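Let me begin by presenting the structure, written as structure tokens, before commenting on it.
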Amino acid sequence: MDIIILNNIYHVIDAISYGLYAFLVGGLLLGFHRKIIARIQGRPGPPIIQYLIHTFKYYLKEISIPITAGNPLYIFMALMGIMVWLTALYLGVVFKTSLLILIGLYVLQKIVEHGCGLSSGSPYGKLGGVRSVFSAAAEVPLFAAVGIIYILTQSLIIKDIISYQLLNGPIIFKLPFAAFAFFILLISKAPNSPFGIVKDKSIVSGYITEHFGILESLILISDAIAWFVLLWLFIAVFIGPIVILNPLLTLIGMVILTFIISIICALTPLLTPNHSVMLQILITALVIIDLLHKSATI
Amino acid sequence: MSLNIDSIAGVFYGYIPFGDIVFYFTEFSLIGFIIALFFTLVVYLTKPEKQLEFQIGDFGDKLNYVSLEELKIRRLMAIVCGICTAFAMLTGDLFDYALFLAVIGIANMGIVSAVKKEGVLSAAFYYGIIAMISTLPLFGASALILAKTGTLSILELAKNSHDLLFQKIIYAVGMVGETGIAPFYAAKAEMFRAPGAPYILMIHLSSLLIIVRTVEIMLNVH
């Protein structure tokens, strides 16, 4: 009995440690992302640990709730962000369960963005939230990509997809359109991305404008974990066991992917909401045609 | 039970033979069910926000309140929408799922219909037209699947291959219109401008969960 309790305690400690690891790696990568963008733009940029410093600083700051806010939704949304990405971390990265569940959790991030914006009552938050609804077009290629992956591997369980690649090589060469759609999703999620209309500076900070103090810190923590999970997922699903089975190679892969995304973000202007959605719909059409083609040929 | 479901939605835990309607439980459907119910509870408990609006051509901002009468009907509709979404995650019957989708569409319109704003009501009207038109491909595809295979049970359809690509496309088109996603989202996004955060958010949550669930069904039925 004591051994079972002790084992359970070890599992809890493992889970907390892995969550912390994901946050630290994600935070450092987002700091690295900011640094690369600054260097490309000819600025020295903040130190790489700036993201973590920000998170820590906001965590200790005093919190006040706007009189316009709708509670408890206003507070719950920040907690939901953490909940969503920690669940994605454990179900996806640790237990390697269904890709569909992870996509479901990813779309909940849209609810967090929309909810944060709307529940504050601020016009800037509301605009950020409405833009988040518009930019849901980025998720549609993802569903088509999931379909294409299933047609090829006959499974959506991440463990099975990795096993498939162990026998047949990386999927990225077999399904370039699906990989491209997923990569666009990574770019959409990156800060300062051309698709980052939800946090456009013309609407202050978008959906997090009215979330400050510990609530902003929680959102920053969830964003860092989200970055770690999404990069891991891209590597696991499209590059496979060559990289993902070695933690050091996985880290290097994440750094390279962040580097490429940073260059794209630094060299492209922020698209207008209409252009952003039109481009995403174009990519959707491309991936759906690929899905129909693959469905018809099998 | 069919391994096909296991490889798409995670571990298959079992099913409830509830008359003709079969509810089945997988990792995916349970997570969706719990999220929808939990969110319904949050919506029930949350007070609507007081939306601050810019005034064009004038100084100062305007606070928009949600009145008690308006709150009551919108909260009821949001709860109906949440419950339908939760059970749409579990159902194992294509016709049943289409019915849940239709009710969600009606509840979505109900959530914004009490708002006395012309723009919001116009958007709800356009969304309503799209949702009504979409019921034809949605139920039509169900009928076509029934005619071709003799069953509407997802569990039965997942066992063998039935060559249902055309029917699945029509079914997906029905879902796209009913949930108001791209290319029909324009009207629905305008609905999101209405005050009353928790209720509006339920529209968004139900659409997203339904889309993911439809992807699962489309992959299961083959």
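Using N, Cα and C of the backbone, Cβ positions are placed for all residues, glycine too.
Annotation comment: TrEMBL describes A:15-33, A:73-95, A:133-152, A:164-187, A:224-244, A:251-271 as transmembrane segment.
Ranking A:15-33, A:73-95, A:251-271 by CB pairs under 8 A with the transmembrane segment (A:224-244) puts A:15-33 at the top. Among A:15-33, A:73-95, A:164-187, A:15-33 has the largest number of CB pairs under 8 A with the transmembrane segment (A:251-271). Away from its own ends, the transmembrane segment (A:15-33) comes close to residues 46-52, 55, 86, 89-90, 93-94, 190-192, 220-221, 223-229, 231, 251, 254-255, 258-259, 261-262, 265 of its chain (Cβ-Cβ under 8 Å, at least six residues beyond either end).
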